[in-house]
Amino acid sequence: MTQQEALIRALPKVELHLHIEGSLEPEMMFELARRNGIKLPYDSVEAVREAYDFDNLQSFLDLYYAGAGVLITEQDFYDLTWAYLKRCEADKVVHTEIFFDPQTHTDRGIAFETVLNGIRRALKDGNEKLRISSRLIMSFLRHLSEEEGFKTLEMARPYLEEIDGIGLDSSELGHPPSKFERLFAECKALGLPRVAHAGEEGPPEYVWEAIKLLDVCRIDHGVRALEDEKLVESLAETRLPLTVCPYSNVKLKVFDRLADHNLRDLLAKGLCATVNSDDPAYFGGYVQENYLGCARELKLSVEEILQLVKNGFEACWLEEGERGWWMGECDIIAEKFIA
Ligand code: ADE
Ligand code: ZN
């Protein structure tokens with residue numbers, strides 16, 4: 001085992017970019033389909049995995065929304081979330097901030113409450129039984145209208161205590177952050193912190209819009225920010241975090257190979273880049289695997305690994321004292337690895 005691999009395995013980590021629906025493994029998809037009497041268009045788990053060969057974001061989203069169709073009951077959402085938290089435990093993820101897409105479910109007749117209660121109950125158990133702290137981010141689907149987003153916000157209104165932040169995801173090209181300016185202003189007025197996917201497939205202008213018009217505190221992905229020098233300068237100065245998802249970017253053809261990923265450049269320019277898995281059941285790796293793959297293919301040093309992991313704690317929504325404590329733990333562990 002290399003020093004880098006040993007360090008990655010030893011460090012406590014956070015995850016800040018994870019769609020809970022994207023953690024639906026094919027095995028569970030079959031189990032839930034059986035439980036709910038749903039016929040899948042695949043004969044086997046292997047056939048599902050073979051279908052996961054994507055050309056771009058949209059070709060993935062088509063399968064991702066179809067796959068989510070097996071999630072019906074509160075117990076389904078609980079089981080999905082619990083399975084993800086067990087993976088967190090195995091990866092030494094001590095804190096996670098996950099997205100859920102209510103519109104993916106309410107649009108097919110599942111009650112908002114069913115989705116929220118299942119996920120929330122699992123997160124509570126994760127906190128109590130696995131000692132994994134968490135936050136829950138309600139994400140709006142940007143291919144739908146802002147008006148649809150407002151309707152979803154109305155559904156969420158009785159449960160705002162249980163929602164820690166707001167996100168924006170789905171098909172990026174043609175759906176700029178500016179489309180959701182009024183909705184995000186309303187969420188801001190409600191005191192909800194905001195993040196948005198931007199600069200995954202979309203241009204740097206979308207990252208600017210997310211910052212200036214939606215007043216986000218993190219950018220999800222943001223890898224195309226490197227194309228705009230002024231934006232890079234601004235991100236370095238403000239340390240506005242990017243939740244980068246290396247395996248996702250390769251699977252969705254943002255980069256040809258992991259070895260071509262710009263994660264190291266983002267770090268070198270002083271950006272608060274973090275490592276995350278996005279939709280691990282579809283992209284072939286949970287967060288630790290993303291770190292390990294990057295360490296191998298980008299030849300990350302132990303210092304770079306430590307920086308990425310600490311960036312995660314810097315970027316997360318834990319209280320400042322707790323964040324500082326975890327960063328101190330990381331330093332103590334890493335000391336043995338730094339010559
Ligand atoms: N929904 C789930 N994964 C996503 C991604 N990578 N980009 C945009 N929307 C998503
Ligand atoms: Zn995402």
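Using the three backbone atoms N, Cα and C, a Cβ is placed for every residue, glycine included.
Some features that TrEMBL has for this protein:
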- E200: active site, proton donor (ACT_SITE)
- H17, H19, H197, D278: Zn(2+) binding site (BINDING)
- D279: substrate binding site (BINDING)
- 12-323: domain 'Adenosine deaminase' (DOMAIN)
- H221: site 'Important for catalytic activity' (SITE)
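Ligand 2 lies within reach of D278 from the recorded positions E200, H221, D278, D279, judged by a C-beta closer than 6 angstroms to any of its atoms. In sequence order, L18, G22, F99, D169, D220, H221, T243, C245, S248, N276, D279 are the same-chain residues whose CB sits within 8 A of the CB centroid of H17, H19, H197, D278, the residues recorded for Zn(2+) being left out. Averaged over the domain 'Adenosine deaminase' (12-323), the predicted model reaches a pLDDT of 98. Of H17, H19, H197, E200, H221, all annotated as recorded positions, the residue with the shortest Cα distance to the residue listed as 'substrate binding site' is H19.
Of all the recorded positions listed (H17, H19, H197, H221), H19 has the fewest other CB atoms within 10 A of its CB. The secondary structure of D278 (Zn(2+) binding site), as reduced to three states from DSSP, is extended strand. E200 (active site, proton donor) and H19 (Zn(2+) binding site) have their C-alpha atoms 15 Å apart, to the nearest angstrom. On its own chain, D278 (Zn(2+) binding site) has H17, L18, H19, G22, C245, Y247, S248 as residues at least 6 apart in sequence with a Cβ closer than 8 Å to its own Cβ.
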